[in-house]
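TrEMBL lists 318-372, 388-447, 450-505 with the feature domain 'MIR'. Annotated region 'Disordered' per TrEMBL: 1-29, in sequence order. Marked as transmembrane segment by TrEMBL: 51-69, 139-159, 171-192, 212-245, 265-283, 511-531.
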Amino acid sequence: MGDELRQRKNLPQKIYDGGNNDDEVYSSDQIDDSKLERKEKVFYYAGNKDIRFKTLSILTIIALFIRLFQISHPEQVVFDEVHFGGFASKYIKGQFFMDVHPPLGKLLIAASGLAAGFNGSFDFKEIGMDYIEPRVPYVAMRLLPGILGVGLVPISYITMRNMGASEANSILAAIMVLFENGLAWYIFFVALSAMMWTDFLANQDEPFTLNWWYPLGMSGISIGLAVSVKWVGLFVIATVGVSTLKNLWDLIDEKITFNTFSKHFLARALCLIVLPATVYMAIFKIHFLVLANGGSGNGFMSPEFQATLGGIAKINAFEDVGYYSEIYLRHDGTTGGYLHSHKDTYPSGSKQQQITTYPFTDENSIFTVLPKLLEYNGTFVPETVEGFVKLKHKDIVRLQHKPTKKFLHSHDVRPSVTDNKDHNEVSGYGAEGFSGDTNDHWRIELENEHDTLKALTKFRLVHVNTGCFLFSHKVKLPKWGYEQQEVTCTRVGRRYLTLWRIEGNENPRSIFFTVLTSILIFILLQCQLILKK
C-alpha cells in the first residue's frame, strides 16, 4: 500500500521507510502535507517515529511535573475524596453500599489504597479531616488518578496524529489538555477509546492483521471501562457506533464480497458490542464479590439479595402470616423501603398522620394485622378471631401502626403532593382505644387465589370502600415529610408499583400454639408409653 500511495503522489520511498535513519526522513518543510489525503497523512506521520517519540517523551515529562508536583498538598481531605475515599473504605471492609454510578472508579481508588496498606479505618466524612495522624496513605491514593491524568496528554497527541493532524496542531491539543485540571477517571477512558478507535481507522488497509485487531479490541475494552465508571459513557458508544456505520458503508462502496463484509461486521460486533458488555459485567461481578457483607445499602435491595450478604441479621419472619402478626411491610416495586408512619401530619388534605415508605426498618415501620370491623347495634366492633388463623386470598384486615395506634386509612381526599383525581390520600387515622371505621379495611389479593399469605410473598392491598390499591412511587415528600417516599391509593397506577411483601413477621399466638402443640404431643407420647407398659 505504501508503494501505491508513493506512486500516486510521486513521493520518495524514504518517507515510508519507518524513519530508521534520521537523514532519510523528510521533515514537514520538505513536503507539502496539505496535498496529502487523510490516509496518506497517516502513513507519512507514522513514518516519523523518532520525531513522534521525542515529542511524546517531552510532553509526558512536562505532564508528570504539572500533574504530580506537590500532590501531597494539602494533607487533608479535599472535595471528591470525601466520596471516593469513603467508598474505598467500604470496599476494603466489604460493606455493601449503593451509588448512582458504576463501580470502576471507586474500585481503582480502593485498590490503590489497599496496595499502600490502607485498612479502611478512616471514614473520609468531611472536607479538611487530617490525614497525617491516622496515617492514611493518601499520596498513593492520589497518585493513581494523577498518573491517569498524565496519560491523557500523550493520548491526546497520538489521537490527533491518528486523525492526520499536523505536528503543531497535535502538540497544541496535548498542551490544552495538559493545562486542564477538570479531569476525571471517565475522561481518561473516553480519551483512550478515541485513541484506539482512530488507530483502528488508520489501519483499514491491513484488515484482520494484528495491527488491525489490536486497536479494534482495545477500543471495545476502553469503551467498557468508560461505561463502568459513568453511564454517560453511553455517548462514547453512540459516537463509535456512528463511526462504525460510516466505516461499514465505505466497505460496501468498495464492492467487497458478501462473505468478506460479513467477517468485517462480525469482527466489529464482537469487539464493539460483546467485549464492552463483558467488561462492564465483569466489573460489576468484582463489585459484588468484594462487597460481601451488609452495609448502608442493604435497605435498597431485595430480601433475596440481602440473604446473600454476610454479617447482617437474617430476616426474622415466621413463614405463615396470621391475624395479630406484627409485620414490616416492604414496597416491592421501588427501593423506597418499608411502610412507615410517624406523629407528623400532612399540611393539607385531611391533615391526618403521614404514611410514607422509609429505606430502613425501625419501630415506626411496625404494623399489627388486626381483624376487620363488624357492625353490631349501630357500632363497629372487631371481628373475633380465636387462636392463630392464617391469612388467605381476599381476607379483609386492618393494619394498625404499633407506636401511634393509628390505622392505615384511605378516603376520597387528594394527596398533598400527587394532587390529582386518580390518587387518594393514605393516612394514619384513629387513636388508642378507638376501633376506627370501614375506611381502615384492606383486602388481601394474592397472585394464586388458593395460597395463604406467607412472609416474602408478593401481594396487593385493595382499599375495600374505594377499590384503589395501596401504591408508592419514586416521588419524595418535601421537608415536612422528611423527604421520604410518598404513599397513595390509586386505581390507575402501574401494577408493579402496587406490589408489597412482608419482611419480619412475629405472631405471639403462633408461638403460643406451637409451644402448646409441642406440649400436647409430648403428653400423648408419654401416655402411649404408659399404656404399652
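Backbone N, Cα and C atoms are what each Cβ position is placed from, and that goes for glycine too.
Just so you know, TrEMBL annotations never went through curation; they're auto-generated.
Annotation: stretch 171-192 has the most Cβ pairs under 8 Å to the transmembrane segment (139-159), among 51-69, 171-192, 212-245, 265-283. Non-local neighbours of the transmembrane segment (51-69) in the same chain are 19, 25, 27, 45, 143, 146-147, 149-150, 152-154, 157-158, 161, 167, 170-171, 174-175, 178-179; each lies 6+ residues outside the stretch with a CB under 8 Å from one of its CB atoms. Secondary structure of the domain 'MIR' (450-505), assigned with DSSP and counted as helix (H, G, I), strand (E, B) and coil, comes to 7 helix, 28 strand, 21 coil. Sequence-distant contacts of the transmembrane segment (265-283), counting only residues of its own chain at least 6 positions beyond either end whose CB sits under 8 Å from a CB of the stretch, comprise 102-104, 107, 208, 213, 216-217, 219-221, 223-225, 227-228, 237, 240-241, 244, 247-248. For the transmembrane segment (171-192), same-chain residues at least 6 beyond its ends with a Cβ under 8 Å from one of its own Cβ atoms are 55, 59, 62-63, 66, 104-105, 108, 145, 148-149, 151-157, 159-160, 165, 218, 222, 225-226, 229-230, 232-233, 236.
According to DSSP, the secondary structure content of the domain 'MIR' (388-447) in residues is 3 helix, 24 strand, 33 coil.
Per-residue confidence over the domain 'MIR' (388-447) averages out at a pLDDT of 93.
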